[in-house]
Every structure is written in structure tokens, then in C-alpha cells.
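J.: Next up is a structure, given as C-alpha cells.
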Amino acid sequence: LFDGVYPFYLQQRKVAVFDVSSIIVIVVFLTFACSFLLIIPGIRGRARLYWTLRVLLSLLVGVVIVAVQFTGDWETGWVTANTSYKSFSHALVNADIGLHVGLAGVNVTLLGNPVNQVNETIDYNEHFAWSFDADYDHSYGEGLERGLPSPILYVAEKFTTQSPCSLHRQYRISGHYASATLWVAFCTWLISNMLFSMPVLVYGGYMLLVTGAFMIFSLLSFSTVRNSLMCPIQFGTTTLHISYGGSFWLTLAIGLLCFVAGITVVALHYFSLDLLKTFFDLREDKAEEHQEMTEVYVNAHFVNNG
């Protein structure tokens, strides 16, 4: 030891405050929303409210479909326990251990109570990726070389390919198919917006239903991990249990919103077309098409020949 730091682990790992990819997605969609808000004063009357509601709801669906691809809280779990901190050391620390499962990997969090214990700052958030272009075992091996705290390595070991728990393959395949179906939902969301702008309202409503269906399919794909036996993650007498997190429930809510919006559009098309066209600001065009002529000029020469 020198200055209270282990030689094989010179610098303290910092906790990840936010995911950069998610922030980029949110900033892009916020830019679209702000751009629309700048032009909304140019729309007159009640149509301004309808345009605002349609555009903001559509952007909300789009940003959720893309953002949840990069979040790490599809499944989450926390436990507070007294546990060993480093290998080859008998020192115990009191800490909150968190497990956050995403579509592309897992995050393991370690937060001390208090943060400063055993002459160190215990505040970690380590990511181990299992997407098809990443090597989970290699990331775990790097963690061993860096000398990560024992609780983080213990939890991460449960998801390695060599672990008898066999969780790696199940989570990797389920996350891959969930991500793929979400990208299909994003494509159908784009098509629905195109159809609404053409305008072909009823087919836009059908595509909203397809968007909601693919979002539900992604949830079903991810939930198949529940069919496999979950190895217990024990810290002394306490067990870390995980459950569905915010991204899972947010995707479910937006999927149901797409179903409600799609059913509403289709129902209004068949039962109240005028109300639907009013909401999409199309009644003015219809009025112009059926506007009666106030003056009629007749050529007497053609009338006489007739």
C-alpha cells in the first residue's frame, strides 16, 4: 500500500451520472419539440391546440422507443448489506449494492453507507456489456485486473458465460430480440407519421396499432428471462432481488398509449369522420371543395345552340 491505495488499483472509479447515448437521444427530440414550439404561434385558432397535442404526443412515442434502447433499468434491484470490500482483506463495509439490467448489458452499483469507509470513497457504477459486438467475459476479466470491489465482481460473475447460473445466454438473446422489435416499432412509428401527413388517417391509425403491438412484443421477449431459474445473489443473510424497472413500465405505458390512439383514430374514421378531420385540421379543405358559387356567368351563345 502507498497513501492508502492498492498498487494494482491506482485511481478511484467514478460513478456514472448519466448515459451519454440516452442524453443524445433526448436532446435530439427536444430540439425537434422546441423547433415546433417556435412555429406554433403561426397556426390560428383551435387548430393550434390540436397541432401541439399531435406533435408532442408523437415525439413522446418516438423518444421513448429510441431512448429505452440505451437505458439500464429494465430490471433493477437493491440490497443493503455488510460485506467484504476487497479480496485478501477481512475489512467489512456497509453498502448499498444495486443491479440494473438493460438490453445491452448490466450495471452493478456499489454505494457505501457512509460513502467514506476504510480510507476510501465507495461509490462505483460498473457496466458489463453483453451485446453481440461486445465480450462480457473480457469486460469481467478487465474488472478483475483493475481490482474492482468484491461485491461488484461477485454480482457480475453471475452473468458470465462460465457461470453455472446460465443467465448470460438467456439475457443476451432476450435483450437482442427486444431491441430488434423496438427498432421495428420505431420504423412503424415513422410510417404512421407519414400517413397522417399525406393524409391517410385510417391507415395512420392502423400503423399506430402496429407500433403498439411491436412494443408489447419487445416486452414479451424481454420477460422470457423469467422462465429461467435466477441464481440467488447472497450477501450474508440478505438476498438481492430484482424486478421490472422504469424502462419496462415506460415502454408498456407508451405501447398502450399507441393502442388507445390507434383505436381512437380508426373508430372516429368509421363513426365520426368530421370530428377526426377537425382534429387533423382538414375540415377547411373540405369546406373549400364544397363551397357554393355566389355568381354564375352563362354564355348565351352556347345556351341557344343547346
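Including glycine, each Cβ sits where the backbone N, Cα and C put it.
Found this in TrEMBL, in case it helps:
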type	residues	note
TRANSMEM	20-39	transmembrane segment
TRANSMEM	51-71	transmembrane segment
TRANSMEM	91-111	transmembrane segment
TRANSMEM	177-196	transmembrane segment
TRANSMEM	202-225	transmembrane segment
TRANSMEM	246-271	transmembrane segment
J.: Could you tell me what the rest of the chain brings near the transmembrane segment (246-271), counting residues at least six beyond its ends with Cβ under 8 Å?
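T.: Result: 57, 60-61, 64-65, 68, 71, 73-76, 102, 182, 201-202, 204-209, 211-213, 215-216, 218-219, 222, 279.
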J.: State the residues, same chain only, that lie 6 or more residues beyond the ends of the transmembrane segment (20-39) and have a CB under 8 A from a CB inside it; answer 'none' if no residue qualifies.
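T.: Same-chain contacts beyond the ends: 52, 55-56, 59, 62-63, 66-67, 70-71.
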J.: What else in the chain is close to the transmembrane segment (177-196), if you only count residues 6 or more beyond its ends and a Cβ gap under 8 Å?
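T.: Distal contacts: 54, 58, 61-62, 65-66, 68-69, 103-104, 203-205, 207-208, 210-212, 214-215, 217-219, 221-222, 251, 280.
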